[in-house]
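Read the structure below first, then the notes.
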C-alpha cells in the first residue's frame, strides 16, 4: 500500500489541535449562549478534621458518623452535610467542561458520518457486501478511503489517551476494552486490506454516536424535552443498527460471505473474534439503554443514564443523597452515564 499507518501520530496531534479549537471557538461560546456559566463549584470551608474523613474514610458519611462529627466540631448535622456536599462538588467537572467535551464528540461524529455516508453511497460494496471480498486482497485503496480510515483511527487513539484525563466514567473498563477492540480492528483491517468491510463498520457506529452526544448537550443546556426526544431517537437507531444491521448484515458478510468467496484465511479467526467482542458490548449497552427507557416510561422523562459519569454535576443530587443518609440510607449514587464511544454525563432527576 502507498499510505503508511506511521502517519497516525501526526493525525492524532491534528485531532487534538482541532479539539482545542472546537472548545475555544464553538463549544464554549455555545455553552455561554444557552446559559451555562463559566464558573467552578462552591468551595467548601477549610476544615482539617472533615477533610481527613472525606479523603481517608468516606465521602458519604452515614447518620451515626454525622452525629459524631457534630459533637466533635460543635456543628449541627445540617452544616456538616452541606460541607460534604460542597466538598464533593469540588471534585466534579463543571457543566461547561462536560458540555465542551460532548460538543467536540458531536462535531466529529456528525462530520465523519456525513463524509462516510457520502463516500459509501457511491461505493458498490455499500449496496452489496459481497463486493467487499471480490478480488481480495488485490483491491485498490483510494485517497478518500485512506483519509476516512486514518482520521477514524486517529480519533479513537485520541479517545484512548484522553480517557485517562477526561471526565471519570463508571464504565471505564468497558470503554477501555471497546477502544482497544476498535483500534485493533481498524489497524488490522487496514494492514490486511479489508478496508471495504471496515468502512461499513465505522459508518454504522457513527450514525448513532452523534445522536447520543446531541442528547447530552440538550441535557446540559436544561432542554429536557429536547433531551428526551433525542434520547428516544438515539435508542431506536442504536437498537436497529447494533442489534439488527450489524449482526445480520456485516457479521453475516465477515463470517459467511468471506468464507464462501475467498475461503478461510489465517487472520479470519482474529478478525471475526474482534467483531464479536464489539457485538457483545453492543448487547451490554443495549440492555442499559432499554433499562433507561423503561424507567423513563415509569417516571415520564429520561432519568440518569446508566452509562455515565460517576457523579452528577448538580449540587441538588448530592443534597438528595444527604437527605437519604439522614433517613438511614447509605446509598451514594444512582445510575450514571458512560461513553463511548459512546461517551457522557448524567441527566439529573428533578
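Glycine too: its Cβ is placed from the backbone N, Cα and C atoms.
Just so you know, TrEMBL annotations are computer predictions that nobody has curated.
Checking TrEMBL for transmembrane segment across the ranges 269-294, 295-320, 321-346 points to 269-294.
Checking the ranges 172-191, 192-211 against TrEMBL, the transmembrane segment annotation falls on 172-191.
The DNA-binding region annotation in TrEMBL falls on one of the ranges 52-95, 96-139, namely 52-95. The DSSP breakdown of the domain 'Homeobox' (50-94), given as helix, strand and coil counts, is 32 helix, 0 strand, 13 coil.
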